[in-house]
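Feature annotations, reproduced from TrEMBL:
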type	residues	note
TRANSMEM	12-32	transmembrane segment
TRANSMEM	47-69	transmembrane segment
TRANSMEM	81-98	transmembrane segment
TRANSMEM	138-157	transmembrane segment
TRANSMEM	164-181	transmembrane segment
TRANSMEM	193-215	transmembrane segment
TRANSMEM	227-245	transmembrane segment
TRANSMEM	290-308	transmembrane segment
TRANSMEM	315-337	transmembrane segment
TRANSMEM	343-359	transmembrane segment
Amino acid sequence: MNGSKFGKSINGLLVLFLFLVFIIPVVTIFFFDLRFYYIPENEIGKFYIYSLIYSTLGVLAAIIITIMFRKEERSKIPNTIRLVLGILWIVDGILQFQPEMPYGFLSVVIEPSIQAINNVGVERFLMIAYNIWLLHPFQFDALSGSLQIFIGAAYLLNRSTRALKYISFISIIWALVIWIFGEGLGGIPESGVSLLTGFPGSALIYIIIAVPYISPKLGNIKNLQRYFIYTVSAIFLIGGILQLIPGNTFWTKGQLAYDIYMNINQQGENPIVYAILNHSYVYLLFRENYINIFMFLLMIASGLFILLHIRTGLVLATVFVGLTWLLFQDMGIYILPATDPNTGLPLLLVLLILIEIDFQVSNKRIIKGAAQGVPIT
């Protein structure tokens, strides 16, 4: 299979996978929200009118950008990166329109993040966003979701180098805002931070994915490969170190099992996911120290193997991230009110991007070697 066909296969599988992963959970979440979460009819109507108007304007803006830059040079960055960012941002935008988000986002997402931070300065800084949001919760939530819809649509519709550069600047700035105010710096100031439960924050992963579009050097496929290798291996190696720190409580009896237990009875939980979580919880109760050592070794091995260009590292990392996304992060979208799929899925997609880039580099090396071996006549 040549690089072009492999790339198209990856893109097709990616779209199908993300569609299957998100369509049923998102529909289920909205069904439960509309049924059980009460908001006065006049307010919910107002919220969705704002959301519809702002989202329509966002999509129109994305279309206008596409028309403006349609004749310009296309980006050399693999198409998968654009698709990943586009789909993730649109899903995040849709999740922002859940009925409980205008107020529930503050009480369930922002407040716990602020309370968990052991730094008065950071806490005061985050309270600024909290208080501003409280002034006009429906308008701010509708604007937030619509901006994410715009970013996602712009990524999906545009292919030119210049357009993607501008879109990526907007994407990075907004992701940084989310990472600071919405994710509390990815949980880094909190005790108990771990790659298992969401370190370093999904918004930071979005930034990592978008950076190639604003850096001319990363237009070269080998430089792009090095960039993703260094960032991914750093995440896993730091994650392994965090897993060992006693202050993060993962050596405390019951902590790993408790992290899974907190996901079991989420509203709208898929019965298959529920069964997997329940069995995992029971299994972990008596084997936590062994599991923690195993997790540490798996993170370190994945990081080192990826850094050393050993493909086994990509396999280990993919298995690890897939399991932790399901077991410890409850696929992100089931932890209500969900605003994104947590760190697991974006990191899983980064690994998919790295696998595709690895195949492209190998394919070019083979073609170059074959060309050099042909005698010039």
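Placed from the backbone N, Cα and C atoms, the Cβ positions cover glycine too.
No curator has checked TrEMBL annotations; they are predicted automatically.
Bear in mind that the values here come from a model prediction, so they are computed numbers and not experimental data.
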Return the stretch with the most CB pairs under 8 A relative to the transmembrane segment (138-157), choosing among 164-181, 227-245, 290-308.
164-181
What stretch of 164-181, 193-215, 290-308, 343-359 shows the most Cβ pairs under 8 Å to the transmembrane segment (227-245)?
290-308
